[in-house]
């Protein structure tokens, strides 16, 4: 069984189902990317993994523990870190306070150590540690958001379109950082609009169409797949 | 000399009283702004919460006076104030548990909360009328003046003196301590940061593992404590009038909105602006101008812009002006 296995997820926000028997799995230290056309239910699938959606069927198992019935905030102590697409930093608080809030649930005394690791990973955050997060650029905000989620020392980090609205250069930089995070042994699940670039760094890719798994393979194989390229990657 | 006399006169009748009044409004406005920041509604019951805390302080003060306990030259009410604070906190927590929590579970609209708070306001007002009655109560004892008008006239060598009441000095000192503590709490402590984070973004705070019910509880505790202190200081400075606490909501709300809703620094700034405007506009400048001009230029009228009966109009005008010109307030706050 995979480190995270969300299997057979079926459900929606009430009313009709958005996800139909959707399965997503991630291994430790691997990057899994969910791609697909607009409205395919990519973000919904991730929200379902995080418990923000009522599942009619299916289960979510993290590290051997069934967490299907836990509320989102109860999944954070279980080792899930979630970076929402929008409004993912506390704009009125400084960069350092944002990181402190990420560590809110931690009771150990290694918090400063983790903070230092995050400053090493994202040097710009160290430079701007006393600046309100709301004054930072889009790319820097994303780094704060990822840093905040990493402060909980998650075993699984979930990123909802981390590169939305940032320039291509910043996007490449962010992807590099995400690879670095994965190398430390964190499982990463990511939803991406920039499918081609995302699949390039992905160990596994999940192509969703209308809430169903259409293709599931390694990132490389999906990029090489003629049909996937034609339909979803623009040739 | 004439200019100095004019300044002394102005200080005595405008600056000193407005500073004390501003400090009292600031404590009230801080409570309103905190509740808006965390619970996201305009709490109309805040005035009556002030009144309730003050009432308990008065009852305990009377009890202590009967027992012969005194901390002369300071007013006995200072000794009774902690009990008043505890009573106000209990009232706020009971009201939250019995009333507001229900609507929080329903995820009600802020306007529903505001209307509910009006109901709570009437309820607390009713309790107060039953317990202490509708009449004015005076409970200040101890030394009345720190610096008397005559002494200061002699010391300054002027025709006009600057009198400072003990209640005014206590108001300013207590407010300074409380505000300093509040900012330390919000900036430095874990709970304070959690409150700011929750006020900034509820959902993200939840994702960070912050317990919303705890944040709400701390918010009520602080707001109620501030309310009881503000009401007691106001009562010491003037007298305790149960009916004034409905009217005082207006300058407090004006101060909150002027400063930027949900912004503690703004609430303090707004409170002093409202207080100074109110006192300045209702002050009769006749004597002040007489000092400045030649003797025979003395104005015939009082040169009072607005009768004191209309002092609440000042808050109204400030409110309307802010909402028209800069609805976010001085420090950009939330817009209702």
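For all residues, glycine too, the Cβ spot is worked out from N, Cα and C.
Feature annotations, courtesy of TrEMBL:
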| type | residues | note |
| --- | --- | --- |
| TRANSMEM | B:20-42 | transmembrane segment |
| TRANSMEM | B:49-65 | transmembrane segment |
| TRANSMEM | B:77-99 | transmembrane segment |
| TRANSMEM | B:111-132 | transmembrane segment |
| TRANSMEM | B:168-186 | transmembrane segment |
| TRANSMEM | B:215-236 | transmembrane segment |
| TRANSMEM | B:242-261 | transmembrane segment |
| TRANSMEM | B:268-285 | transmembrane segment |
| TRANSMEM | B:305-325 | transmembrane segment |
Query: Can we call the transmembrane segment (B:49-65) and the transmembrane segment (B:268-285) in contact, meaning three or more C-beta pairs below 8 angstroms at a sequence separation of 6+?
result: no
Field: Recorded stretches the transmembrane segment (B:111-132) and the transmembrane segment (B:215-236) touching, at least 3 CB pairs under 8 Å
entry: no
Message: Under 8 Å between C-beta atoms and at least six residues away from its ends: which parts of the chain pack against the transmembrane segment (B:305-325)?
response: 247, 250-251, 253-254, 257-258, 273-274, 277-278, 281-282
- request: Might you confirm whether the transmembrane segment (B:20-42) is in contact with the transmembrane segment (B:215-236), defined here as three or more C-beta pairs under 8 A between residues 6 or more apart in sequence?
  value: yes
Statement: Ranking B:20-42, B:77-99, B:168-186 by Cβ pairs under 8 Å to the transmembrane segment (B:268-285) puts first B:20-42
